């Protein structure tokens, strides 16, 4: 798994870019000489813009004249509106378009530094802004303010141009893995300290002894009734709730039991109150029968009490004798005695035997039954059930109630071997599970709001509605402002008091005696015995929890309003809804508690990310623009700042749910009293999904319908259950803690899985692009409409306050929105990669995530609106109806990555603004060959759109030829002809068949005619035009895979079948011939001439040759084993696999430095040597005594072909290799190729135009940064911070060229230990401050003569020499045939 840290991003935004120095003096007086409305100043400014761009190669004289003419009017309009707050965006975007155009096409080194006549971005900004000032701006901005504004332009432009996202996976959470960031460390450490620190509340009351948790001596007389006022209760909300549930049950049932004697005095002649008290007395006395319990499990054995004794430790002991048969009890029979602890014994009462009077027994039971009915008379159904109870059931009620009040835990005699302490602690759920139904009847009718049975509960719920709340009423509660989001917040004091009020009601007017205090301490201990540091609520998560509970009870805020839930349930279905809810809560109480506590941790991380948003590492857009307007991101991002990571990337990083990089999963629930803080969290979506399955199965059982098909039509069952989880559960049989966080997560997961995740119904839906990117035909419009519909459903559902009146967002809603976005992202994720960059994520999920983050607007809609707002698309002949098609096509080219297409779209807008002023319009829909030069200058989105149309026409031509030749006469040469025709034609043909036949008659003449047409109609010189032609290639004709997709599309249109499949399979295997001659690395890097004599290693050659070598040996081995009568056929595969690994190891060991793996002088002479841009990445593989820690890796053309054809992960490519990861090696003394893109270094000849130069950054793993301590030129100290800011360069001279193998004997016998610290030995990892670059030696042999900017990265990619690539093995056969 690849983990890219923030350091990569920091390097992206280094400020020393494109020669745009920001330290020049402000030589122009602010507003002087540039009077607004002055025609001369407008003309001068337009002229200055041309000087600044220096685009001579891309602008003809006519284009320059056109620009100056159009520019004059545009400048006048912008100057007049630059002071208007509503129209200032136009001016800013115009400046951005100038900078962006210069970056793409201009010469960035044309100015003489220090000249007073220099035209800089700053001078253009000052001139354009003129003497007008925006509202609230000082008369003359300071130099620092101006520089800051220009810097923001530069940073944003670099962000748009950055292509490092090609290797991007998801960033580990920005704060929690940025251990070296001085600004973020305090916040991160504070969070951990808060979490760990709260265990002190537990330590204040408890201590561990003999594996048991006990109350400290200082609290032995404390009754714990008002513990809700203490921090321990708010730090562990769910545990405190469990405690007070036990307390309330105890107090209420004790009151019920204490009322029995007085009732008997009036209603029972044979057994009066005092006799009843003696009968039920639990004090152990001589002749009493007792039962024994151990860890709350009651033994089947009974004992007879002989006497009380005291041991030396003053511990109560009871001398007892075991009873063999309770029905034949003889107290005078001599039995063997034993001494048992009084704490583990309880009196066994058989009321019938104790009374020894049948009439008295029946009269007593009748009186108790009558007493219970007086308590349950509020509901006739319950009263009727009580009257039907027989005497034995009434007796059991009395016995169990008496046992509980005396011992403090429930008496369970069935399935005893399955119970534990959590099962016997007093709770409503445990009373129900232990069949204490009569006690629940009494508690329900005496103390609950809903006193009716489930058969009549609908009457209660119909009456129990949330009052209609207006926004004005809500504002009265939101009287505070959150410091992080600046949004209205609920009064913390009010929400806390509201929550604690319920606890106060439990304990008011109760005066506990010493016996009660012991029980209260037991309840407190039982509730907190499993307390651990991973389950607490810090101040932030507790505050939001209180807010959500208050908002639900007072306003009905939830995904589904409680009134709507009740209205959706028919009277006849109400009992079934109650039963579904009850069954789910009874079964999943623990799992819900677990989910609750883990979401609380996620809330902390979200809050921490909001704090990070205040960090200095941001793109400041207090400068108004239309870019990156996320409608559903963090609220703070919608004001004036955009982070280096967008709001999506923040949440995507949080969605990984890991504090640190530990992959080990720790059980943090019911693990006993554990003080260890685990640095990873479970995936809350997975936890909620397991609960969703339980809920869905519950619904299915009750409704008896196919689960997956009709789940959403029975959603009322789920919402009613959720209502009982977050609200006050009025079903006493499943009553328990309120699961606020769990309700929100489970509610959203249920909606996603039942309404949004269409894969549940049609697994293949919206996976249509998985194997066939990019799109060729638009057959998906209907599906995309479904996506839009579902996205709207989801975004509407996620709003917890659905009041349609004008209303400002609150902090509570913001936090739930973020939690909802996190949940949606987790739904889409297939691993720890970013959703947008993960090929395993379906198109549907990628686009759904993007749509939700944009507030229900699809990425296509958003970009189309933004483009039309800022760009006149008619410049390229594009109409509004085709704009979304163009966006879809570009999306498909970029693997449907919304982040990439957004950057591409804004690059398009900026280019469009300038090109509108520079060039004549073109019509990309019907582009004639005469205008082809315009396509080369067009934005990438326009080129891709044209390429799509060209590919579609190529596929249609191919289909027609195949059909015409009836398959059997179609040859590979026909495919080659189609390819060559479009490669030469370059534009759409209106007479495709006629021109194709003309091409077949004389290919050279056709190519010459097409080329001459382009050259003759271009306003540029022949040399410039050829450069334009060569600078752009259509996607379909650049790689084997791309061209193959075109044929895949053709085959799918022609039908299916074995013959057709085989036909195209053979075609694809041979199609590679087309590309061997087309392979071209665009970037070239200059090296000194003596490199050809250095006997360099062809680094990845052994890997390639070992595959071929071992495959041949394995074929022989397989045949031998297959034909051997002694071999077990089931073991052949494993034997071949083991032999394959051994063969590879032997080859590396014996042949990795063979002559065939060296680069020869002829390879350089024939221009067939390439170098990976990045040096050897796995530096820890290099032995400590080897000084070559930094090594440039060179490969020959043959090795390069294999690496590009295979999808194996190469560390130096940060994944699978593409042409962008290599440079072509060019000897300085060879013939100059001045129009190729050149990597800028000290060997580049002066003749090379600066605008054709490319800047290259060297990345090394951050694990090796500790070895960089000083400047190689001045010996001054170098800090990690200097590298993060992009102020360091790395020396990449001849000492880095790899001439000897890195692998040693230790690598082969697996005894090599990775080397991360080599600071104590001599090594070639040399760096220096950019400010000291003038001190670099002019000797080409000096290590630092060649140098590049340095940045850090953190990628975990294993050494490809340790892996077998199936794709490579298959491709070897294809290439071998050539």
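Using N, Cα and C of the backbone, Cβ positions are placed for all residues, glycine too.
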- What range among 676-696, 697-717, 718-738, 739-759 does Swiss-Prot describe as transmembrane segment? 739-759
- Please compare the disulfide-bonded residues 233, 851 by how many other CB atoms fall within 10 Å of each one's CB, and tell me which has the fewest. 233
- Which of these disulfide-bonded residues is closest to residue 851 (disulfide bond) if you go by CA atoms: 71, 233, 871, 912, 947? 871
- Across the disulfide-bonded residues (240, 871, 1034), the Cβ with the fewest other Cβ atoms inside 10 Å is that of 1034
- Note on the structure: Among the disulfide-bonded residues listed as 233, 240, 791, 947, the Cα nearest the Cα of residue 71 (disulfide bond) belongs to 947
- Query: Between the disulfide-bonded residues 46, 791, 871, which lies closest to residue 240 (disulfide bond), Cα to Cα?
  - Reply: 791
- Message: For residue 71 (disulfide bond), which of the three DSSP-derived states applies: helix, strand, or coil?
- Response: helix
- residue 46 (disulfide bond) and residue 912 (disulfide bond), Cα-Cα, nearest whole angstrom: 17
- Message: At a 10 Å cut-off from the C-beta of residue 947 (disulfide bond), count the other C-beta atoms across all protein chains.
- Response: 23
- Task: For residue 46 (disulfide bond), identify the closest of the disulfide-bonded residues 791, 871, 947, judging by Cα separation.
- Result: 871
- Message: I need the nearest neighbour of residue 871 (disulfide bond) among the disulfide-bonded residues 233, 791, 947, 1034, using C-alpha distances.
- Response: 947
